[in-house]
């Protein structure tokens with residue numbers, strides 16, 4: 001029995017007015033996912049700070065600089081280069097560091113250098129922050145510095161853990177109760193939870209709400225990939241699926257712009273949550289996809305939907321559901337379904353993740369594919385989260401990180417259908433590795449060069465990250481394709497959880513995150529060259545066919561004219577794993 005629901009788009013059009021309107025509306029909410037994924041960059045950014053003193057300050061010294069308040073000299077203060085020395089109205093003198101302060105014992109004069117004795121005192125939660133970049137964020141609000149700094153650093157990994165759980169939970173629910181219900185629920189929850197975070201009042205409530213927000217944001221991103229591919233034909237599915245990532249990138253740009261304009265964290269959070277609120281006014285009108293309705297045997301609803309789409313697209317009538325369900329006839333005018341019924345039933349073999357490692361060739365392929373998933377996610381978030389540490393204006397840096405993704409997906413779509421999947425993915429990873437290495441070896445005082453190289457790395461990683469979904473579908477046979485993409489997605493989520501910790505290694509050495517990403521990207525790029533090319537090849541059904549990919553006997557047959565359509569049909573099913 002052959003499923004012929006793909007004929008819908010031969011009649012309705014692969015991407016006409018109805019699909020275009022629905023696509024733009026559904027993809028618009030993906031902006032909110034990009035917003036919430038990266039909003040923490042400014043929420044938990046550690047500002048410059050020093051310990052406070054119990055009395056009013058009258059004079060401040062820092063090297064050969066003088067001032068009358070900490071606010072004057074704090075923006076230029078660099079930890080490790082010496083303390084800030086202050087004198088209070090009562091005459092006491094203090095040497096201030098970030099996590100400690102020392103009281104000078106019986107000073108004769110007020111000078112920067114002091115040869116006498118000092119008494120070390122704890123800060124006792126009394127800190128003075130530099131407000132020149134950020135007026136107020138959660139680090140300042142709840143004192144997440146010194147011995148509490150780890151609480152701030154836990155914010156993004158916890159969010160990514162919520163992304164992982166949300167992808168699993170909502171991906172399964174979407175197949176059970178429908179795509180539209182999950183899209184409506186997750187969109188409403190994104191708005192409610194996003195606004196609620198601004199009024200959380202404590203760190204632990206903030207973390208719980210952010211975790212729940214991560215789950216619903218991930219849930220929407222899971223479903224929207226499936227939703228848009230089930231409303232668009234195979235001729236445009238590469239484009240429509242890849243460019244959901246572009247809307248996500250727009251969300252990153254919105255975070256940068258809002259962070260620049262709004263420097264108080266709870267106002268910043270509210271504005272970001274309101275950005276996509278108009279979607280709530282239209283999402284209730286979204287129809288369920290025809291594929292889902294047909295799969296659930298809701299044929300009358302499916303027929304009504306097809307007729308509505310046809311009228312909106314300027315057609316007299318849509319395809320008949322019963323025609324989509326009729327098995328195709330064979331040469332003997334006997335339906336395939338009857339032939340299958342006549343054949344003795346066979347007990348199907350159950351496959352497990354071990355089948356991905358069934359032979360040495362398949363095991364090597366699986367390890368390489370998993371590595372691409374991992375470095376794609378790790379590199380994507382290291383370049384994004386680490387953009388504020390590049391030097392120069394941190395808001396412009398983050399904006400560029402989002403903006404550079406837009407052309408990367410267009411270039412990726414073009415190259416993967418022209419020169420092939422492998423010949424696009426491998427050079428992209430190699431270029432990302434080279435860019436990271438150049439950031440390390442070139443002069444550190446040239447901020448513009450470091451930013452340009454970082455944007456090049458993000459551009460390259462984004463190409464590989466967007467491409468690997470479809471490439472994985474094509475590398476594995478039908479019987480284990482879901483296992484392959486599902487396991488790859490888990491490696492992707494591992495990369496996203498590890499990424500924040502990798503960024504924090506900049507405290508050990510400023511270039512350590514780039515070194516890790518660069519070495520891994522270059523090595524994995526070389527391994528990618530060993531993978532078979534799948535462009536122009538039909539999808540495989542058995543392990544033997546998949547293992548033979550890239551061999552001399554695996555030439556394009558008469559199926560080549562249909563392989564892209566088949567690949568895209570499978571891609572629409574597999575992208576439900578996207579987090």
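Residue 1 is the first one shown; counting continues down the chain.
Using the three backbone atoms N, Cα and C, a Cβ is placed for every residue, glycine included.
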If I go by TrEMBL, the feature transmembrane segment sits on one of 395-416, 549-570. Which? 395-416
Match it up for me: which of 211-229, 306-324, 325-343 does TrEMBL list as transmembrane segment? 211-229
With the cut-off at Cβ under 8 Å and a gap of six or more residues from its ends, the chain residues touching the transmembrane segment (512-531) are 364-365, 368-369, 371-372, 374-375, 378-379, 382-383, 386, 422, 425-430, 432-437, 439-440, 457, 460-461, 475, 502-503, 505-506, 550
So which of 21-44, 150-173, 211-229, 450-471 is most in touch with the transmembrane segment (395-416), counting Cβ pairs under 8 Å? 450-471
